[in-house]
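Enquirer: Take this structure, written in structure tokens, and hold onto it; I'll ask about it next.
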Amino acid sequence: MCGIFAYMNYRVPRTRKEIFETLIKGLQRLEYRGYDSAGVAIDGNNHEVKERHIQLVKKRGKVKALDEELYKQDSMDLKVEFETHFGIAHTRWATHGVPSAVNSHPQRSDKGNEFVVIHNGIITNYKDLRKFLESKGYEFESETDTETIAKLIKYVFDNRETEDITFSTLVERVIQQLEGAFALVFKSVHYPGEAVATRRGSPLLIGVRSKYKLSTEQIPILYRTCTLENVKNICKTRMKRLDSSACLHAVGDKAVEFFFASDASAIIEHTNRVIFLEDDDIAAVADGKLSIHRVKRSASDDPSRAIQTLQMELQQIMKGNFSAFMQKEIFEQPESVFNTMRGRVNFETNTVLLGGLKDHLKEIRRCRRLIVIGCGTSYHAAVATRQVLEELTELPVMVELASDFLDRNTPVFRDDVCFFISQSGETADTLLALRYCKDRGALTVGVTNTVGSSISRETDCGVHINAGPEIGVASTKAYTSQFISLVMFGLMMSEDRISLQNRRQEIIRGLRSLPELIKEVLSLEEKIHDLALELYTQRSLLVMGRGYNYATCLEGALKIKEITYMHSEGILAGELKHGPLALIDKQMPVIMVIMKDPCFAKCQNALQQVTARQGRPIILCSKDDTESSKFAYKTIELPHTVDCLQGILSVIPLQLLSFHLAVLRGYDVDFPRNLAKSVTVE
């Protein structure tokens, strides 16, 4: 649950100050992944010192605190220039060990900083490895699993059979001992100007920038088997044989820069040319040449890694005129929902085509059951669309929380189609559920917002929601785009159902009008801010609804609790008499979502029960709903759309309310405590 960033300049002169600025800016782009501590490792010597040395600077708190700490280092000359240099940086969200400078990354192999490493993920067998290393005399400073990796590579180096063992060989041996998930980047005094990076289960990509022509667009994958017995004869020989055709470099050994990161948002301002590493890839840069190798070959392996061109633009990841990324992303929803539909929904012919699914559509139509799996907000998007998916596909639809799905060892069959929803495409529980379903022969479909993510690569087919980068930890625009993506899937499945044509056309007309209706809802921000002024001192809040808007209540309550730290509960109105009614009194704030849909009369019954107990309901209702407003303490009137899409409009006031509540309570909206954007650990 961390952010990795590293920068290598080869034959590109950079001052230490410029290197610091590049590393810090990269971390700031990744701060949404974790922000309880941060650190960097750079070359510490100032040319007049012959002995190589790595300088570590680590600080508890956000990246800004680290930035301030860097300029307090009297021992480092910020003006000294490096023609070739490799620096690594890390922003952390604690999984092992409390937030502190000693537990932050980079972690070191020893007090001499011979090897340093940054890590995103969890090593599940670190206790066994630590016990072994302690028995060999290695002393530990931190409580982290990552320090075990740093000590382990030092152990492998100390026990090397040959003096000229390569850096990548050391890393290869280390990862063969690791269990769990990791993305790792290593730096060492023994290999100046070299970098090694590897991943298994956690995302990692490499950006490349050069004003000169690059040697290749396809980096061939090299294979070898390194064992204690044959390392001298095989590994050493093969690495020496590497020629320029097996590596990526600037033609003529010219200047080139490499950027390593957990996420493309940290790289895009430097370059849009990237290589996505796959599980168990080992990428090594030496003398300005990037090579990629793997220990074992399998039939499904691609023979190379292609350089891909990212379409993301820098301004997409900046706040603009908004005070927080979350606020910006709420107001981007007219554009993001349009982008989700663009090129997919033909409003003239009333047809829908999801290009990522078209080759598998016949197989999907033959399935017996749909299983939709997600966590948090992604799960709520599945709940929100379950009813319309059942209606349009005429199939049973199971909606599952990924962790519970795995805990139950849920039966999955070859004629099931399983959807995996994740904004980042890296959510650990969802990824494990994907692998569980693949092992049982089900067809797997990814619904993600991140090209090249683990879920998008490992599923059989998928839908890119195309919502644009979402930086705020609390998901907003990704939710509405996930919602629409699933509705579009239902529309595509029902295209040949004559009995459903009127319903399909109604929904497609509703999709067409959504961007303008969302703008209308966003114009209510001032009214919602006034409501927040009344509520921000409260300690608890109930959000109640049913039918299509039950998911709205769950999602709204989640937004409120995760960024305002108020207790908030989404309640199915049909369950009111089975317990929650006991909470209702004149002090308890209650938000009710009551729309003109098939559940309207039943919601009126719930409203009567709330007011009979002296409740003072705040009602989200349709503009023409005079009946509900008679019993409301306050109303927020929303434009009306087709019932199955109403949840997109009704969730936005709750997103805005949670934002303003958090601001009024004095909390950091984009970085709520104890949470991170991309949940890459179980």
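Cβ coordinates are placed from backbone N, Cα and C, and glycine is handled just like the others.
Below are the features I grabbed from Swiss-Prot:
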ACT_SITE  CYS2  active site, for GATase activity
BINDING   THR377, SER378, SER422, GLN423, SER424, THR427, HIS578  substrate binding site
DOMAIN    2-288  domain 'Glutamine amidotransferase type-2'
DOMAIN    360-499  domain 'SIS 1'
DOMAIN    531-672  domain 'SIS 2'
MOD_RES   SER244  phosphoserine
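Can you tell me where each of these features sits in this structure?
Expert: Mapped onto three states, the DSSP output places CYS2 (active site, for GATase activity) in coil.
In the three-state DSSP assignment, the secondary structure recorded for GLN423 (substrate binding site) is coil.
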Enquirer: Can you give me the Cα-Cα distance between SER422 (substrate binding site) and CYS2 (active site, for GATase activity) in Å, rounded to a whole number?
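Expert: It is 17 Å, counting Cα to Cα.
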Enquirer: May I ask for the distance between GLN423 (substrate binding site) and CYS2 (active site, for GATase activity), taken between their Cα atoms and rounded to an integer number of Å?
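Expert: Spelling it out, the Cα of GLN423 (substrate binding site) and the Cα of CYS2 (active site, for GATase activity) are 16 Å apart.
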Enquirer: For each of SER422, GLN423, count the other CB atoms within 10 A of its CB; which of these binding-site residues has the top count?
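Expert: Top count of Cβ atoms within 10 Å goes to SER422.
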Enquirer: Which of the listed binding-site residues (THR377, SER378, SER424, THR427) has the least company, meaning the fewest other Cβ atoms within 10 Å of its Cβ?
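Expert: Relative to the other binding-site residues in THR377, SER378, SER424, THR427, THR377 has the fewest Cβ atoms within 10 Å.
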Enquirer: In angstrom units, rounded to an integer, how far apart are the Cα atoms of HIS578 (substrate binding site) and CYS2 (active site, for GATase activity)?
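Expert: Between the Cα atoms of HIS578 (substrate binding site) and CYS2 (active site, for GATase activity), the distance comes to 42 Å.
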Enquirer: Looking at substrate and its recorded binding residues THR377, SER378, SER422, GLN423, SER424, THR427, HIS578, figure out the farthest C-alpha pair and report it in angstrom, whole number.
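Expert: Output for substrate binders THR377, SER378, SER422, GLN423, SER424, THR427, HIS578: max Cα distance 37 Å.
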Enquirer: Return the residue, from the listed recorded positions CYS2, HIS578, with the maximum count of other C-beta atoms within 10 angstroms of its C-beta.
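Expert: That would be CYS2, with the most Cβ atoms nearby.
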